[in-house]
Every structure is written in structure tokens, then in C-alpha cells.
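Undergrad: One structure, pasted below without further comment.
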Amino acid sequence: MLISRQERARICSDSELGAGNLLARLKAYGRPLDEPVLRTDGTWRAPDGSRPEVLTLGELYAVVEAYAGWYAAHGVRPRDPVALHSSSSAEFAVNFLALTSLGAIPSFVNGNLAPETAREYVRRQGAVGAFTDESHREVLTDAGLGFHVTADAIRPEHRASLPASYPYRHDPTDPVLISHSSGTTGMPKGVPHTHRTLMYAQVHRLRYSTGTDMERTLVGLPGAHNAMVATLLYCLLLRTDIKLLSSQRGADVLDTVEEFRPTTVLAFAGTFGEMAAEDLTRRDLSSVQVWFNTGDAAHEAHIRALVAHGSHQKVDRDLRRVRVDGSVFVDGLGSSEAGYSVFHNRHTKDTDAYARRIGKPISFAEAAVLSEDGIPLPPGQIGRLGLKSPTLTPGYWNDSLTWNRMRLGGYWLTGDLAHQDEDGNFYHLDRAPDAVRTRAGIVFSTRTEELLLAELPELADCTVVGVAPDGVRADWDGDGEGEAYALLQVTDEGAADAADAAGGDEAWTERVNSVLTAAGYPPVHRALRMKPDDVAKGATGKVLKRVMRDRFAAEEQHA
């Protein structure tokens with residue numbers, strides 16, 4: 001049951017509400033304690049020793065207070081960072097609610113980070129202690145932290161240790177979370193968000209959207225990402241039936257869709273790409289009305305595969321709501337720093353706004369395509385994408401140097417290359433480090449991948465990387481030249497083997513370049529087949545093109 005109009009008005013006018021005090025405000029609103037509010041996937045152990053799959057609001061209060069009591073008894077105070085290193089989305093959610101209720105700052109560490117990276121990242125945060133799951137216990141054992149706890153140490157009786165001032169009263173500028181960037185360019189950057197920045201978009205959505213398509217919401221986002229927390233906050237306010245999934249594997253998300261029957265599914269583009277590569281005709285996706293992507297913009301081929309399933313409501317010519325076949329895919333471009341997907345591009349099976357179009361910025365944000373000296377460029381010219389938004393992080397945790405280097409002309413630079421059309425729509429071309437300067441022109445890797453996936457139905461996915469000689473920089477910021485390679489994953493092994501027999505990599509290269517040439521894009525040097533397991537991915541599922549470049553260059557050198 002979603003909130004009433006009266007509840008919505010009360011929430012939107014609540015000047016005390018923020019990301020750090022949501023549970024306290026729900027109590028003030030008089031929400032019933034026996035109402036189910038959160039579903040988990042069984043990966044989290046509760047203080048009573050059970051592994052509940054559903055928590056009521058009253059049970060969530062009790063759990064959060066037990067965790068908060070344990071932390072308070074072990075010296076955690078307001079503004080203390082506490083590291084959380086786990087693979088369980090529910091553990092991140094519960095710890096976020098508990099630590100913020102004390103005024104402390106949960107510092108999320110993705111469970112997929114390499115151990116040495118996780119240790120160094122936590123050291124840079126200045127964390128006073130850590131919570132881990134059992135599988136990550138050893139990673140931070142010798143990290144010199146004040147305490148190190150797992151779920152089995154926290155008991156219901158720890159509620160008695162809550163401080164007299166509980167819950168903490170936040171200022172809008174108080175930090176309530178440190179999550180981290182994907183780490184695709186090296187060490188992940190600590191990205192804090194405040195009581196205000198993490199809640200701003202959620203209240204905006206409540207003002208302007210009924211949210212009826214989110215009545216049953218499946219969250220396939222990484223638990224360690226602030227997008228999961230933002231979704232949790234919104235769903236708790238909206239009173240949706242929300243389930244947190246710890247796995248971002250496409251097959252696991254599809255299994256859960258069939259079991260949970262959600263109306264909305266949230267995930268990153270990599271997860272949606274894996275889902276689209278499955279035989280979806282063998283899946284029951286009829287419950288889905290909306291797929292919501294955030295992070296990197298998704299590829300057309302993957303979107304089209306998903307919107308063919310499910311259904312959604314639209315308003316007909318007589319202004320009546322009617323249900324039609326096919327779901328909606330909301331393609332959001334965002335980042336940890338942006339705090340919310342500033343761009344939303346809505347797709348159905350009957351729309352065609354593709355070609356890396358990401359649309360226009362949401363009403364509360366401002367975007368521009370900038371020249372190298374920070375001047376907004378006219379339509380058609382390629383430049384750096386810059387953002388201004390009340391949801392933007394106030395900076396990188398303990399790294400103001402990097403933060404200030406990513407500001408230009410009053411905008412925060414996303415690291416993306418883009419251009420606009422005459423109607424003000426933005427188009428995403430590539431990440432600046434992933435563009436490849438070649439003798440034939442600049443190969444924008446993401447744009448090239450988009451075209452190949454749309455034109456070659458045999459491809460399940462593809463990755464374009466650049467390789468340059470030692471000491472030569474051939475990306476957007478470089479002045480040298482390299483060679484671009486298209487690394488292909490195919491859907492039909494039989495057809496692929498037949499193509500190999502007819503010419504192997506040379507045949508694939510010819511096919512790929514014929515598509516690129518017809519579109520007026522620079523060709524690649526070679527196209528090569530590869531298996532999904534050969535693709536290096538980061539903690540959040542993004543392809544690590546930096547790693548792929550280095551690996552491929554080494555292989556070419558020894559070939």
C-alpha cells in the first residue's frame with residue numbers, strides 16, 4: 001500500500017527529514033509497526049540469530065537500535081567514519097540506518113574490491129573501526145582499527161547501550177555516508193553525501209511522481225553503492241514492497257524477478273546487459289512495468305531486449321489510463337558523485353531515442369558540454385560533460401586535490417565526453433580515458449560499442465579498447481596515436497564457429513569495419529572474439545578498460 005496524498009504532503013513539507021534520520025521521521029509520522037517494510041535475500045544474520053527474509057517496521061527499529069547500541073558501547077560517536085566491508089546488501093542497509101542514527105558516518109567498501117585495495121581504501125578514510133561479513137573478516141583484521149565486528153557479535157540486548165541523546169539530530173550539511181567510485185581508473189575515490197544531498201532527489205520524486213510503478217521494487221544495485229541507499233530511502237517513504245538482492249549477476253536477478261514478481265527492477269547497465277544476453281523467452285517477466293538503470297547509460301540492444309517483455313500503463317487519446325504490452329526502460333546516467341541520475345531517457349518498444357542519447361537534465365540540475373577552458377559549447381561540438389546539482393557530493397573524502405581538479409567553469413566534470421543537439425538533448429559518447437586517438441580519427445569506444453551491438457545481432461556484448469606504444473598517450477587528453485580493438489562476445493557459438501571457419505578474426509574485423517565505415521565512424525585495427533570470463537570487471541560490474549588495455553598490450557607485445 002503506497003502512501004496517501006496526505007502522507008505525501010506531510011513528508012514533502014517536513015523540514016527535519018533527511019537521509020540520516022529517516023526511521024525517526026517514520027516514527028513521527030505514526031507508521032504502523034507491524035507493516036512489512038524490507039525484504040532480504042537471506043544473506044544477513046539478525047541479532048537474534050535468525051536470517052529473516054522480511055522485516056516489519058517494528059522489527060527494523062529493533063534491529064537498528066541493537067546495532068546502534070553495540071556501536072555506541074564500543075565508542076562510536078558522531079562524525080566517526082566506520083568501514084563496512086561485505087557482500088550482503090541487507091548488511092549495508094541495516095548498518096547505514098544504525099550508524100546514521102548515532103550521527104556516525106558509514107563508509108561502504110564493496111565486497112568485490114581486491115583485498116589490498118580495500119585495506120588501503122579504508123586506511124585513507126580514517127575509519128575508527130569496521131564491520132565485515134565472515135568472508136571479508138581477514139581483509140581488515142590487521143588494518144589497525146579500533147574494533148572489528150561481524151553480525152554474530154551483535155545481540156538484541158545491545159539496545160540497552162543506546163546513548164541518552166539517541167537519535168542524533170542532523171544538520172543538513174552533516175555527512176551521512178561515504179561510498180566509493182567504481183575504481184575503473186585506479187584507487188576508488190571516497191564519495192561522501194550529506195543529510196541533504198542524499199535525500200534531495202527522493203523528496204523531489206515524491207512531489208512530482210506518484211510512484212505507482214514501484215509498488216513492488218527489486219533492487220539489484222550493489223549494496224555498497226549510494227544508489228542502493230537512495231532507493232531504500234525512497235521506498236521506505238513511499239511504503240513500497242522492496243527487496244534487496246546482494247547479487248548483480250543477470251541470471252540471479254532474472255531468477256528473483258520470477259520469484260518476487262516486482263513491478264520495478266533497478267540495476268546497473270552491466271547487469272541489464274547480462275540479462276539481455278539470456279534467452280528471455282524462457283523467463284516470466286510479465287510483472288515488470290519499469291526497468292530503471294543508473295550509473296552508465298545502457299546500450300540500445302540491451303534495452304530493446306528487455307522492453308519487449310512486461311507491460312505498462314499509458315494515457316490514450318481519451319485521457320484514459322490503459323495497459324499496453326511492453327515495459328518501460330528508464331535509462332539514467334549518474335554516478336556516485338552526482339548522488340542521483342541527473343539524466344533520464346525513457347524507452348519503450350515503440351520509441352527510438354537511441355544513438356547514445358541521454359536526454360535532458362532533471363529539472364533541479366544543470367548540465368553543459370564544456371570546452372577545455374570551461375566555456376559551454378554550442379550544439380554539435382564535442383566536449384566535457386559538466387554538472388551542477390543540489391544532489392552533488394561536497395567533495396572527495398580526504399582528497400580535496402582530486403576534487404578540485406575535476407571542477408571546471410563552476411561545473412563538476414563527470415569524466416564523460418558528450419555533445420548536444422539543437423533541441424537541448426545530450427548525447428554520451430565515451431569516458432575521456434577510453435576514447436582512442438587513431439590515424440583514422442578518434443574512436444569513441446562506447447559509441448562504437450553501441451553501434452556494433454545494434455547492427456550485429458550475433459553479439460551479446462562487446463568492448464572497444466585502445467592500445468598505444470609505450471610512453472604514448474592516445475586518449476582524449478593525449479596527443480599520440482594508438483590502435484583500437486573490438487573485443488566481441490557472441491550469443492550463438494555455432495554461428496560464431498562457422499564465421500571463424502570462414503575467415504576467423506579477419507572475417508570479424510571486416511564485418512565490424514563495414515558497419516563502422518557505413519556510419520562514418522573510424523575503423524578498428526582488429527576485431528577479436530573473447531569469452532565473458534575474459535572481460536575484466538570492477539567492483540560494481542563495470543568493464544575495466546584500463547586493465548583490458550594493459551592486458552591486451554602485453555599480449556600483443558609477446559605475440
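Cβ coordinates come from backbone N, Cα and C, glycine included.
The model shown is predicted, which means the values in this text are computed figures rather than measured ones.
Under the heading Mg(2+) binding site, Swiss-Prot lists SER181, GLU337. The ATP binding site annotation in Swiss-Prot covers ALA227, GLY332, SER336, ASP416, ARG437.
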Undergrad: Among the binding-site residues GLU337, ASP416, which residue has the fewest other Cβ atoms within 10 Å of its own Cβ?
TA: ASP416
Undergrad: Please report the number of other Cβ atoms within 10 Å of the Cβ of ALA227 (ATP binding site).
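TA: ALA227 (ATP binding site) is surrounded by 26 other Cβ atoms within 10 Å.
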Undergrad: Max CA to CA distance in Å over the ATP-binding set ALA227, GLY332, SER336, ASP416, ARG437?
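TA: The two farthest binding residues have Cα atoms 33 Å apart.
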Undergrad: Nearest to GLU337 (Mg(2+) binding site) by Cα, among ALA227, ASP416, ARG437 (binding-site residues)?
TA: ALA227
Undergrad: Note down the number of other Cβ atoms within 10 Å of the Cβ of GLY332 (ATP binding site), including every protein chain shown.
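TA: If we count other Cβ atoms within 10 Å of GLY332 (ATP binding site), we arrive at 24.
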Undergrad: Using Cβ-Cβ distances, find the residues under 8 Å from SER336 (ATP binding site) that belong to the same chain and are at least 6 apart in sequence, listing them in sequence order.
TA: SER179, HIS180, SER181, SER182, LYS189, VAL191, HIS225, ASN226, THR393
Undergrad: Can you see whether DSSP assigns ALA227 (ATP binding site) to helix, strand or coil?
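TA: Looking at the DSSP assignment, ALA227 (ATP binding site) belongs to a helix.
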Undergrad: Is it possible to get the count of other C-beta atoms within 10 angstroms of the C-beta of ARG437 (ATP binding site)?
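TA: Its Cβ shell of radius 10 Å holds 23 other Cβ atoms.
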